[in-house]
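Going by Swiss-Prot, these are the annotated features:
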BINDING   57, 132, 194, 224, 228  substrate binding site
BINDING   195-197, 229, 258-263, 281, 316, 337-339, 382  NAD(+) binding site
C-alpha cells in the first residue's frame, strides 16, 4: 500500500473541491461509468500495476478511479508541465492513489516525477504503462539503451528538455543496481498510448525492431481521433485563447498550421467564434479538404504578417520560426495545440525581452519594438490556459484506454512487440455507450438489410478499411 505521503501536489486542501468536480464529471462520462458497472465484479485489472502519464485533470481522475475500481494498482503523473488541475491531483492523492503532478512544474520536476512512476510503493515495479505522448515509454527505452552500453546519445541532447531527461537517466544508472532498467522492461506487459505524437514514437520503435513490449494505439480508435481530436479541440481551443487573452475573436484573422483531426477541430473552433481562418498544409489531400471546407490554404510565410492569431496543430517541429514571428503584427497571439512545445521556435525567443502578464501568458518584445503574446510557452494551450476538452468527449477516449489496458493485461502472450489497434467491435461499443446520454435513437438493421450489405445485424457495421 502507498504511504500516507506518497504524493506531490500543490495543495491537498483542494481535495474536496476536486471531489465535487469529479462527481459532476462522472455524470458526463457515461462510457467510463458503464465500464465500471460491467467489469467491477470480475476485476479484470487485478494484479495490474499501472504507471500512468497523462494530463492530471478532473476527467483523468475519473479514468484513474475507473482503473482502480477494476482492480488496478496505480501511480500517476501529468504528461505536461502546465496541464495539471491542482484540485484534481489533490482529490486523487486524498483517495490514496500516489500522484505527482503540479500545474507549472519545472522540466526538472517533471522528469523527476516521471521517474517516481517506476519506483513502486511496494518496492516492486509497474507492469503496465498508460501513456500520453510517450514520455513514460521513452524513459524505459532510453534507460535500457544506456544500461546496455549505448550511452553516447546521453551526451548529445538536442534541446533543454532532452538535457534534463538525459541527466535523469545518467543519475538513475548511478543510483539503481545494474540491470534495473532491464528488469523494468521485462516487467512491463504492455502500453496503451493516447495521442498522435506518442503513437508516432511507438511505430518508429516498432519499425526499427526496438519496441520492448506490445502497444495498443488508442489514438487511432475512431472514437478517439474523430471525437477527442476533432470535437474536443473544437470546444477547447477558443476557450484557452479567450481565457488567456480576453481577445474578441470575431473579425480576427486566424492561421491554423495543420489540417489533420486536431487542425480540423481547431479551424472549426476559430470559425465558429467568428474568425476568418487560414490553413497551412504539406499534405495535398488535407490541403484540398481545407479548401473544400472554405478555408484559405496558404503558407506560414504568407500568413505571418496577415493573421492576428496563430495556432500550430501539426505534430512537427519549427512550424512557426523566429523569422515568422518577426514578421507578425504587434501583439499577435501565438499558441500551440499539438502535444510538444517545439512546433513554435520558443528557444529562439529566450534572449528577447519577456514580460509575464499572468500564468501561462507572456509578452515577448523584439528588437524593433513589436511584440507577440505567447500562450503556455508554446505548450498545449487548451490545457495550459483552460481546462482541456469537456468530460463527455474524454469519456470516449478514456473508455478506449480502459479497454486497451484490459486487453493487454488479460491477454499476456497474445501480442508481439508491435503496435496494435482495438477491434472495430469495441470502437462501436464505445460509441454506443455514449448515445443515450445525448438522446440518440439508433436505427436497427432488419435481417434482410444486414444480409444485403453483408454485415451482422449487431455490427461491426463497417470494414476495417472504412474511413469515417
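Quick reminder: no glycine exception, Cβ is built from N, Cα and C everywhere.
Counting other CB atoms no more than 10 Å from each candidate's CB, the binding-site residues 132, 281 peak at 132.
Checked against residue 194 (substrate binding site) by C-alpha proximity, the binding-site residues 258, 260, 262, 281, 339 yield 339 as the nearest. Secondary structure at residue 228 (substrate binding site), as computed by DSSP, is helix.
Looking only at the binding-site residues 57, 132, 224, the one with its C-alpha closest to residue 337 (NAD(+) binding site) is 132. Of the listed binding-site residues, namely 57, 195, 197, the sparsest CB environment within 10 A is found at 197. Taking every protein chain shown into account, 224, 339 are the binding-site residues, and of these the Cβ with the most other Cβ atoms within 10 Å belongs to 224. Residue pairs drawn from 57, 132, 194, 224, 228, the listed substrate binders, are separated by up to 17 Å at the Cα level. Long-range Cβ neighbours of residue 228 (substrate binding site) (same chain, at least 6 residues apart, Cβ-Cβ under 8 Å): 389, 393, 394, 396, 397. With all protein chains in the displayed structure included, the most crowded Cβ environment within 10 Å among the binding-site residues 262, 337 is that of 337. The number of other CB atoms found within 10 A of the CB of residue 260 (NAD(+) binding site), across every protein chain shown, is 20. Over all protein chains present, the Cβ of residue 258 (NAD(+) binding site) has 27 other Cβ atoms lying within 10 Å. Checking each of the binding-site residues 57, 132, 224 against residue 197 (NAD(+) binding site) by C-alpha distance, the shortest gap belongs to 132.
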